[in-house]
Amino acid sequence: GMPGSQELQESESENKLDGETASDSESKSEFGGSPPVPTSDDTPEVLNRALSNLSSRWKNWWVRGILTLAMITFFFIIIYLGPMVLMMIVMCVQIKCFHEIITIGYNVYHSYDLPWFRTLSWYFLLCVNYFFYGETVTDYFFTLVQREEPLRILSKYHRFISFALYLTGFCMFVLSLVKKHYRLQFYMFGWTHVTLLIVVTQSHLIIHNLFEGMIWFIVPISCVICNDIMAYMFGFFFGRTPLIKLSPKKTWEGFIGGFFATVLFGLLLSYVMSGYRCFTCPVEFNNDTNSFTVDCEPSELFQLQEYNIPLVLQSVVGWKTVRMYPFQIHSIALSTFASLIGPFGGFFASGFKRAFKIKDFANTIPGHGGIMDRFDCQYLMATFVNVYIASFIRGPNPSKLIQQFLTLRPDQQLHIFNTLKAHLVDKGMLGSLEDA
């Protein structure tokens, strides 16, 4: 056919995409009216046979239940394997999410015949990952980097190398522009970048939280998972009032029930975990053994303290003081965020799916949709935890300062030493060293 007519059809289909809202039939089927195509669910055959005599609503309940338990078990196994494996898993999840979103873009814009597009998307993913992981490695494996010559050069000019890689991709994109598809190519360019922004930066933050201490990684994620499960259960048994147009299945009952359950769960989990050093200590790379060590004096956050209960509550509870970890107070903040703001990540994803008329991001996990469907809230949560640590928890880091100090020239080191000495003598914390 003529190129003109093709362009016309394309722009028509785009207008349709924007203009139509979700039709009534779509929302009806989500409320639990009979789904039009029974064959399209991908429940494993074993489960199908076992649950054949249940109604679709209860069947969904069991499928979700079993797979949720499986995922939680998997989560614990991963945690047991330690930080390095966790980093790998985060990376895999991130790549899978990227793949799911890019594939949607691909299908929405019918961009099968776009030259180079797939290659470029993955190339950009590679660049951004190289940049972020490089920063992480130079931050946390400082000693290792200083020891190995090629690594040292790479880390010294890290930003420049990353940017050069990115520019290469950018120039490739400009060279790949084709007259017929300009608009489409820029759509996809934007699509790739927004996806990178959402997926990669956030997963990088998750890794930062991990190095701050495993507990900062486990508690928030468990809170989000708990809120998901509890909201689903409360909604399943007591749900009456719909919460938001975007997700017809979400109810106020589930929302509120999930909130209280999550706060309780967060308090309990953080109480149990604060007792173990392997969770509370920052993950550090030990130069002598060439492995990760998670051992330290636990900070004040993880030492039991007496708290006075407010007078109002004293009459109700009957105790005057309560012994708890300061971290538990922070955990209330985390679980509140997970249950009040967290779901908005989910609504955002729902709206996104509605916009492009898709049921789920992919069919990776039966009964749950794609990995992206499960991680929409996690990404929001990771950012929150990172900001929370930076604002309320983390102080200056002495070991990092000393490492930077040791990279200076000898005369600079001496200068700093003398300044520090003078300062300490002034304060009277150090006897004058004239006689020594």
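Here the Cβ of each residue, glycine as well, is placed from N, Cα and C on the backbone.
TrEMBL lists transmembrane segment for one of the ranges 74-96, 327-349, 373-395, namely 327-349.
Ranked by the number of CB pairs under 8 Å to the transmembrane segment (213-239), the listed stretches 116-133, 160-178, 185-207, 251-273 are led by 251-273. Fewer than three CB pairs closer than 8 A are found between the transmembrane segment (185-207) and the transmembrane segment (251-273), and contact between the two stretches is not assigned (pairs 6 or more residues apart). Across the candidate stretches 160-178, 251-273, 327-349, the maximum count of CB pairs under 8 A to the transmembrane segment (116-133) is reached by 160-178.
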